[in-house]
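J.: Structure incoming, see below.
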Amino acid sequence: MKKNIHPNYGKARVSCVCGETFETGSTKKELRVEICSKCHPFYTGSQRMIETGGRAERFRKKYGLAK
């Protein structure tokens, strides 16, 4: 392998919007995620829907247009 072309790989702190934090390996120091294993419906057993909303949904909501 060539030297000095690979990014530095080290510990990274991952924080979720639910408040959960944990450490993993990454080329970045800090990662922020919307869903983790503590709040994902598959792992929790709940069937709640999480709306993240994209540009199209915000446009439809703003102008009162149907899907």
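Backbone N, Cα and C atoms are what each Cβ position is placed from, and that goes for glycine too.
Residues or ranges marked as Zn(2+) binding site by Swiss-Prot on the basis of sequence analysis: Cys16, Cys18, Cys36, Cys39.
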J.: Sequence gap of 6 or more, Cβ distance under 8 Å: name the residues on the same chain that satisfy this around Cys36 (Zn(2+) binding site), in order along the sequence.
T.: Val14, Cys16, Cys18, Glu20, Phe22
J.: Given the binding-site residues Cys16, Cys18, Cys39, which one has the fewest other C-beta atoms within 10 angstroms of its C-beta?
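T.: Checked Cys16, Cys18, Cys39; of these binding-site residues, fewest Cβ neighbours within 10 Å: Cys18.
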J.: According to DSSP, which kind of secondary structure is Cys16 (Zn(2+) binding site) found in, if we only use helix, strand and coil?
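T.: For Cys16 (Zn(2+) binding site) - judged by DSSP and reduced to three states - the answer is strand.
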J.: Within the same chain, and leaving aside Cys16, Cys18, Cys36, Cys39, name every residue whose CB is within 8 angstroms of the centroid of the CB atoms belonging to the recorded Zn(2+) site, in sequence order.
T.: Val17, Gly19, Glu20, Val33, Glu34, Ile35, Ser37, Lys38, His40
